[in-house]
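Listed features, source TrEMBL:
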DOMAIN    65-207  domain 'Alpha-D-phosphohexomutase alpha/beta/alpha'
DOMAIN    232-340  domain 'Alpha-D-phosphohexomutase alpha/beta/alpha'
DOMAIN    344-444  domain 'Alpha-D-phosphohexomutase alpha/beta/alpha'
Amino acid sequence: MASTFSSLQTINSSITNFPCVPIIKKPKLHISLSKTSISSLRVECCSSSTKTYNEDEEMDKIRRLQNGSDVRGVALQGEKGRSVDLTPLAVEAIAESFGEWVIKGLNNKEKVVMVSLGKDPRISGNTLSVAVFSGLARAGCMVFDMGLATTPACFMSTILPPCQYDASIMMTASHLPYTRNGLKFFTKKGGLTSVEVEEICEEAARKYANRFTKVSTTLPTRPTKVDFMSSYAKHLRDIIKERVNHPNHYDTPLKGFQIIVNAGNGSGGFFTWDVLDKLGADTFGSLHLNPDGMFPNHIPNPEDKIAMSLTRAAVLENNADLGIVFDTDVDRSGVVDSEGNPINGDRLIALMSAIVLKEHPGTTIVTDARTSMALTKFITNKGGQHCLYRVGYRNVIDKGVNLDKDGVETHLMMETSGHGALKENHFLDDGAYMVVKIIIEMVRMKLEGSEKGIGSLIKDLEEPLESAELRMVVLSEPRYAKAKAFEAIEAFRTYIEQGSLPGWELDACGDCWVSDGCLVDTNDDPTAIDAYMYRAKVSSEGNEEHGWVHLRQSIHNPNIAVNMQSTVPGGCQYMAKVLRDRFLLPSGMDKILDVTQIDKYATSGNLS
């Protein structure tokens, strides 16, 4: 290990003029480690002399941090019933295992492997960053500190000149509370799959379980600081300038437009001053641009009602052309049109579909299974094809990638949460890039003489008559919650297959033209660490269609999400009653699930 650190010191000293972006010079100190941060990198010795040591339990502490293709956990005290599990020591083991995995995959012993780290403004970020740098250094990687960054920028740092790192890690927990944090992993090929992250976490679990002293190694040299966000912002600016190709002011194509940005105190403020302002836009009235890891104003989430309502008010007050809402790490976005109409969920998918289908007529658009029947009608009426797939943004994106590889042209993949990926942008879910596409279309419409805003592109989208999203918390210790949720989901499937829910039928591909693609939970095998889910079409005993019910195990929290949509008045309440009276209570699932929300909705039709 000493030789590894020595070689890293030699390498670092030889690249003081590394040709990426301007290096921010710091005093000649090692990683800033105060007494507090150093002590935070130590936990008590777990030797047999102090307490009984169970290797499986120690390994499970790391395994339970995996959430699909990400790692997430509690990084700070403050959550009722949840203890800190994303510790610096756990993070160090995971980062080291990721570094080793990258080195092994490159299979080039002569190459120095370079890995970057970006982070959102969460207050646990600084301490956990030290752990990431330490783990990567232990693996033999050269590390680069991007500082405050976005998730899409971390991926772009692997492919965008002049950096082109071998891999990158983004430290974020998206829209989750300030107490949480996590890691997202990228190589030049894109984000890692759930199976790949499982492999890394398994190796990290072995490391963690066998480090009896539980003392983190401090860094021998500081990581190289780089200002990659400036390069990424220029990349976005160049795309807008080139594609708008404004006949009068090429370099300031947004002159005359007022655009409001609500960054939610996350990482998205850069889009205001480093993209929009420099392109000539008026951004007066923008909200919560300063990074604040406590997120004091509202959840940074385009699905959050407060975030959207505040943005709507700012758009109307300033008579702006567009409002933008980013989540914390800017891999998701939503918008508000000039009339103050929020555009997220199905409406955002419809807007992006309208834009993409202009450029790629007939293309397939992949969404998750919670989207409405009205969205399918909207897409097909515009000449597109709609493939519904498993909930989970990684599932949706991977499905699109695989369809495209198989010769089914697929240019857009979007989940109702706001994760959206485009083939033209490396199949990367990038909230800023999605907004760039919308802005380009908005300017083009103006240049063509249209006085209508971008909301006019979805005027034909019908709204679902009724929809609801409810939650059932798993009544279990966190380590058993996943198994209990799986038990409930499978019981739901069995009840339907056995006819215990008359009029309920497990949904198949239906009218989707992709014969092997949509809603294939019944004939597709998800990985063991993926979320389990089923969707059922619901009709009354008189064969009157009511809509559908979708049950999904959450990969982020110990609960089951229940989504419902109906085409008839009172349909969602009817389906909630049937779900409760003919499945949850008779099956005994109410003993392992908190059905309070279902019961309340079935009784009153609302949760207020």
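Glycine is treated like the rest: Cβ placed from N, Cα and C.
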Subject >> Local confidence of the domain 'Alpha-D-phosphohexomutase alpha/beta/alpha' (232-340) - pLDDT mean >> reply: 97
**OP:** Mind tallying the domain 'Alpha-D-phosphohexomutase alpha/beta/alpha' (232-340) by DSSP state, helix then strand then coil?
**Re:** 37 helix, 17 strand, 55 coil
Original post:
Using DSSP, how many residues in the domain 'Alpha-D-phosphohexomutase alpha/beta/alpha' (344-444) fall into helix, strand and coil?
Top reply: 54 helix, 21 strand, 26 coil
